[in-house]
């Protein structure tokens, strides 16, 4: 009877761990870069689009494969689509599945009508094309990324060691290829001691469909363009990638060789060991249940305390700004920053119904609302799962509440009730600039005079942020989707969640690069260095988009960095 009870306990433990495993491992992948040149495109509802959707669906449904790689095709020439994904070699099946599932959705939004596209994440890459990409080396487009810390402090020839270690990884992959069947995983890592307290970690990987010689050729090309002089760097290409850091960035246990099986011991005292084993497993299960229960209770209390603390901080922040008044450049009278009741916003947005939803951002969803007096508003609702959104929420209150300019979107108030965190803005009926620029029909409404007026308005808004406001502010995410248009097509810069205040400094450095690749200045994207010049660079990209009607990806294909 005791053994039966323990067996049930063990079964429950297996079930609990199997349920917790995917939940613990599942997470949103880290986006790195994407490329989808506008040289060839397809039309909406075309055969090619249907084939692309079929390929993406197939890639997503095959993302649980143990080898972390899959390629497939759909359709016939000239509408045939080739697609593949590659997960980092140390990842578990659940991590790989999460990354590929996210990528299949993301690539459709990043590259809505391009016939060729590739997107890189820290955990995987996914690509499709109208040309055969299987067993073919593709070294372009190549993306170079680097750690912002330089390697001058090391007492060894760091760059030479990195190159030598990557070459050893290449040799490891070649050896694997010789001893394994075609299509096997081509992935190698290596740890090299730099000193008693520092280790160099390197990784090299190719798509398994390449031959050994093709993989070596791809990795050699990546090695030649690998950033040097830094404590970390990587090169991403469609067929291979290499990376080095002075911290472990891959799962060491997953790539460590398994120890050889121990020789079989003599079977003795078997009948005596079974009760001991059963009792031990039962005790382990009991401890595991206590630990897991305690952990979830602690986490729930900690989250509640943290939320309460955040609520107090936010309320203090709102009250502080409610007591202040600010004068705008346009000469409007001073105004207070009001707090708006939740029931008013529920009524205005029809209880945040899907019919009133305007869009979705990293902060959370945005809804259209109509107040009792007929005034239209836009309500930004912080997602409960967005930790970064809380930072952006505070940033918006601190910055926009202190700014008034005709080319900056107006923050009308906020709401902090019942765990809701809401920001209320003036409503922009013509949505954002990208809606008009990149739609062939709507773009016809933007004659040259309107485009020129939009350019001037954006420039006035940037000048106000950099020079004329009492705070020098760097926006850091200036792009077409963050420029809203009012009834008369006047532009208003929005989304200050990533903005930074400058006091006496002319530039700053950050380890957390935020914003949108393609609009980023090179020194910011690669080294984390930003200043007012960063916004000017983004404005230059935006200027090209307004004049040409082309998306920023089209211009990025000509960049040398």
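Positions of Cβ are set from backbone N, Cα and C atoms, glycine also.
Caution: TrEMBL annotation is automatic and unverified by curators.
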TrEMBL annotation of transmembrane segment - which of the ranges 276-298, 299-321, 322-344, 345-367 it falls on: 276-298
Reduced to three DSSP states, the domain 'Gnk2-homologous' (30-133) has 33 helix, 31 strand, 40 coil
Pop the mean pLDDT for the domain 'Gnk2-homologous' (30-133) in here, whole number is fine. 91
